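What TrEMBL records for 772-787 is compositional bias 'Pro residues'. Sequence annotations record features per position, and here TrEMBL assigns domain 'Membrane transport protein MMPL' to 55-408, 506-756. As annotated by TrEMBL, region 'Disordered' applies to 125-146, 767-792, 815-835. According to TrEMBL, the transmembrane segment annotation covers 213-235, 242-262, 282-300, 321-344, 356-380, 410-428, 566-584, 596-618, 630-648, 687-712, 718-741.
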Amino acid sequence: MGTYLYRLGQASHRHRRVVLALWLALLGLAGAGTATLPGAGTATPAGTAAGTLVAAGSESQRAADLLRRRLPGTGADTATARLVLTLDAGDGARARLDDPVHRQAIEDVLAALGQAPLVGRVGDPFGGSGPGADGEPGAPGVGSVEGGISSDGRMAYTQVTYTVRDTQLTARARAALFAAAGPARAAGIDVEFGGTALDGVPERSYLGSAEPAVAAGILAAAVLAAVLGVLIVAFGSSVAAALALLTAVVGVAVGGCAAWVVTSRTGTGPATPLPVPGAVPVAVAVLGLTVAIGGALLVVTRYRNGLAEGRRREEVAGNAVATAGSIVVLSGLMTAGTLTALSVARVPALTTIGLASAGIIMIATLGTLTLLPAVLGFAGSKVTARATGRAGRGRDGGERWGRFVVRRRIPALLLALAALGAVAAPVADLRLGLPDSGATASEGTQRRAYDQLAAGFGAGFNGPLLLMVDAADSADPTAAASRVRTAVAALGAVALTTEPRFDPSGDLATMTVIPVSGPGDPGTADLVRRIRAEAGALAVTTGTRVRVTGRTAIGLDVSWRLARVLPLYLTVLAALAIAVLAVASRSVLVPLKGVLSAGLSAVAALGAMVAGFQWGWLGGCLGVERSGPVAAVLPIVVIGLLTALATSHELHLVARSRAELLRTGDPGQAVVRGTADAARAVTASTIIAVVASGAVVAASTGVMAGVLGALAAPAGPITASIGLVLAFGVTVDAFVVRLTLGAAVMSLLGRAAWWLPRLPDHLPAAASPGPAASPPLPAEVPTPASTPVPASMPASAAVATPAVAPALASVPGPAKVPTPVSAEAGTGAGAGASV
């Protein structure tokens, strides 16, 4: 692989104008493609749902698909909105919403809603029958499932059912929803909004405002400025830092725009009723930026080292890509494989996001291997300016830490394990569930509508179930559906069931079931299981096929599906990580250590997630007073992203440690030098990931309001939880697991860590220097005949000496000296930090 990478880097440097023009053309084409997509000109807040979740092939989705064909507009998979109308104490104790004045205002609201875009039907709060304010059945004419009024007349609600799914709603439709409440507010009625139509969308975007987009732009600029500052410190050169950041941003931008165009044009974007947290693609962008910048750190450092030795730039570029590029490729493949593995869940939205994100990562990796050598050619020797002092001090600090861990490896190992155990302990109480509006910030209109509806009519009104009754095989479909309704109502934990509604053929009916408990309550999940268990008996006694669907049931099926496939996903991740690390280290124990340590990082992050969000320790920071189960999508996404970053960190450490082992034959010194040289890259990429994740948290919780004023609109605690957990997990993995626990374990294993049996020794080499056709090395650098060194290797990379083979002879396995992963030993004046 090294030979091909050498040629690629050399050609990119030689033809840098052509390479730069090609990348700029790709960026322009991708940007033009996104500009032509529907809704590209509207504001897209950071919290907007990226798509929707559904468990493909589940009972709820099969039923929703059938209802979409046979009985459109049932609400099984279309967007809904609820308006909760209340009178406060200032209106007088005897005031009621069904008074003539208030009723007329509400009817004006209903008329406006009926004329709003994409609205299918509007519920009437003054018709039907249902429970009163105390939860007991009210008098006839008090309420219905799609609209109702409390028994004291001071609270009412109406449900708006749209003709499209929530991901297809336009900003104009949401603006019309809010505008319709004007007459009620003018009459002194308080109006709050909830429902799937508003899930994941910041309130300011309801009015079609561009402010969220402006806030997102300002926040992105702040993040990039902070990342640039980190890179300047890491490189000691503003030019080198700017080029590394430019390459990463261009690669991620081209990949992101291309993925958006492809998924939109091909129709592969998900279209089902449960929204994906908007932070999932944001987190993937953070991951792509981190991986791309990490690769750029390696390439630029080797390029600067080669320049410091006085070699030709074209040759240096080829050798930098040949040596560092192998780690960049392996890191990109691991990250892309991790994201692609999301497809094992058979959740279409995650599959689409995973495949699209894998494409983003690979395009960003290609940018590191081609665009970066090209722009380095334009910079010339400016990339080495002011690099020596600051970078050298940073490397000295990493070396001091490596020596400390090696000397105190037992205490360091025990302390790291104790810290990880304490943080990971809450994971034993992990409970996956369905997020609902009750888990949103308390100051939001959705949370207020949720709480008011639960207080006035019952918690179950926030999570209704939709029953599909297929009575085609029944002699009397109407009687059969009525018997199903009676049987379901007798199961208990049911507050209300509606009359069956039949399709035009008269043999397919739907009815709404209102549970006693809320959508995220275990009682609702238990009710769904009991209805499905009862369906077999109903099929015998009534001749019907009963299916449970609707948003709540679909969400439960997704939660159960993700919980079931999590062990399979972890197995796939472990296999990928072992394969990548085996190629990089040519060892058996090093990949196992890397996978186990990545697992410790993931478990620690999940433990922090449980304590912070399920137990509610961080609820106050996010404006959420009510704790609840962890959203089912979070563990699989967080574990995947953390495993990818952890493996990338491990690759950096393994590459430098193995190169130092081949140079000196001393495993202890290899750990010290590997930790010292990789610490800068690991630290820089960790800080970048934390800064970007922190921006997600700030945008989600409104923390940036003090900086950006009214522009920063909260996007929700689920988005914030992804940012916080990623920031915490990456930090723990870098400083506790990689630079402390991993170094201690490698020191304890010694030479045994690099043992490789004979059979797997046919593994491909992770890297090799450039081809022998390059200019020869200086004459003073000895090259033993027994271990030929290609002529393109820099003087500092001639690591094979006669003393190395005896030193490695005691390592079990084949006697020959393996090919070095990295040809650069990290020496050379003015080279700066060796990453």
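Cβ coordinates come from backbone N, Cα and C, glycine included.
Of the candidate ranges 242-262, 282-300, 356-380, 596-618, 718-741, 596-618 contributes the most Cβ pairs within a distance under 8 Å of the transmembrane segment (630-648). Counting Cβ pairs closer than 8 Å to the transmembrane segment (356-380), the top stretch among 282-300, 410-428, 718-741 is 282-300.
On the 0 to 100 pLDDT scale, the model's mean across the domain 'Membrane transport protein MMPL' (55-408) is 79. Among the listed stretches 242-262, 321-344, 410-428, 566-584, 596-618, the one sharing the most Cβ pairs under 8 Å with the transmembrane segment (718-741) is 596-618.
Beyond the transmembrane segment (596-618), the same-chain residues lying 6 or more positions past its ends with a Cβ under 8 Å from any Cβ of the stretch are 420, 423-427, 429-431, 570, 574, 577, 624-630, 634-635, 638-639, 642-643, 646-647, 650, 717, 721, 724-726, 728-729, 732-733, 737-738, 741-742, 745.
Residues 1-3, 5-6, 8-10, 12, 284, 287-288, 291, 294-295, 298-299, 301-302, 350-351, 353-355, 357-359, 361-362, 364-365, 368-369, 373, 565, 568-569, 572-573, 576-577, 580, 583-584, 636-637, 640-641, 643-644, 647-648, 651-652, 655, 766-770, 792, 797, 821-824 of the same chain sit 6 or more residues outside the transmembrane segment (321-344) yet have a Cβ under 8 Å from a Cβ within it.
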